[in-house]
Amino acid sequence: MASLRKTHPLFKIMNDALIDLPAPSNISAWWNFGSLLLLCLMVQIITGLFLAMHYTSDISTAFSSVVHICRDVNYGWVIRNFHANGASFFFICIYLHIGRGLYYGSYLYKETWNIGVVLLLLVMMTAFVGYVLPWGQMSFWGATVITNLLSAVPYMGDTLVQWIWGGFSVDNATLTRFFAFHFLLPFTIIAATILHALFLHETGSNNPIGLNSDADKISFHPYFSYKDLLGFIILLTALMSLSLFSPNFLGDPENFTPANPLVTPPHIKPEWYFLFAYAILRSIPNKLGGVLALLFSILVLMVVPLLHLSKQQGLTFRPLSQILFWTLVADVMILTWIGGMPVEHPFIIIGQIASILYFSLFLILNPLAAWLENKLLNLNCSSSLATKAPVL
């Protein structure tokens, strides 16, 4: 008689996704980040739910309610610190997950990749509206600056901004709707995650050497379930260490001051995980141009599969493209640094050069390197055939 997990309609779905799923035998720890992101999402939803039980989305009490959570609610400070730092770990895992996809050519699974980009946009939107909720100085001014960017939309910009604000400035209506969005969007993220996994399981996972692995598959459980469990332990240990020893390390000191529309902070900046996009936005003097550059800094990922010219899937055996990949990693780090710096010389010009390089790597240099590698590969094959000794 067949096992219940293979026959029961509900258990069968879970079995096919988590237990008997055929996985390539050679996938490395870089393939752990999908499950780590799911763990991060669960941590954020659970901690967020408990925070929402005590938070009040009113400008007169929002800041005080966060203070109340940290001081008076049982383990409220732990929940709050886990939620705030959990967002940072979420983005660390996302960026590593995207980096893995770019390095090993996972973007060639177009449906999975495009849903992934949509997921990134949803998570960024959720994190942005969530950052506004404590109603500190940086929350208020961050919301004002970023929402104000929509005024760059031709014809309807000003109307659009006022519609989002619910008035003529960031006020009570803005905070209330941002809280509603912050509560709702994670459930949209769950739906998109299910689609992401569904499309992935249509094709199966890629592997480090980029070859077809149908001939060498192993079951997900116990091999990769235990491997993922190790990743969970490392991630949770790191999250707990940061949340308990240095909970405010990644935050902004300005957010310890209640929001004041009459006092502008000396330097308005978003959380560290948005700084690379913020640097690209600031590097263009024109407002509409900056907004478009900000949008395309994320949407450029959707173009990557269309610009894949190489005969190989990943970068494992492509030294030129590897150099460009690590240049991109360094470039994003430079942009992150520049995003946190004041708008003055030499940071302006460094940001502009780094922004040009960012788009050049995606749109020009990578396709060019792939084309050149194909030529070198053909040349090598031709020369090896020409020099091969005749068989007697």
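A Cβ is built for glycine as well, from the same backbone N, Cα and C atoms used for every other residue.
As recorded in Swiss-Prot:
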- 33-53: transmembrane segment (TRANSMEM)
- 77-98: transmembrane segment (TRANSMEM)
- His83, His182: heme b b562 binding site (BINDING)
- His97, His196: heme b b566 binding site (BINDING)
- 113-133: transmembrane segment (TRANSMEM)
- 178-198: transmembrane segment (TRANSMEM)
- His201: ubiquinone binding site (BINDING)
- 226-246: transmembrane segment (TRANSMEM)
- 288-308: transmembrane segment (TRANSMEM)
- 320-340: transmembrane segment (TRANSMEM)
- 347-367: transmembrane segment (TRANSMEM)
Expressed to the nearest Å, what is the distance separating His196 (heme b b566 binding site) and His182 (heme b b562 binding site) at their Cα atoms?
21
Top Cα neighbour of His201 (ubiquinone binding site) in the set of binding-site residues His83, His97, His182:
His97
Contact between the transmembrane segment (113-133) and the transmembrane segment (288-308) is defined here as three or more C-beta pairs under 8 Å separated by at least 6 residues; is that satisfied?
yes
Rank 77-98, 113-133, 320-340 by Cβ pairs under 8 Å to the transmembrane segment (347-367) and hand me the top one.
320-340
Highest-contact recorded stretch vs the transmembrane segment (178-198), from 33-53, 77-98, 113-133, 226-246, CB pairs under 8 Å:
113-133
Measure from the Cβ of His83 (heme b b562 binding site) and count the other Cβ atoms within 10 Å, all protein chains considered.
21
Between the stretches 33-53, 113-133, 226-246, which one has more Cβ pairs under 8 Å with the transmembrane segment (77-98) than any other?
33-53
Give the three-state DSSP assignment (helix, strand or coil) for His83 (heme b b562 binding site).
helix
So for His182 (heme b b562 binding site), how many other CB atoms are inside 10 Å of its CB?
22
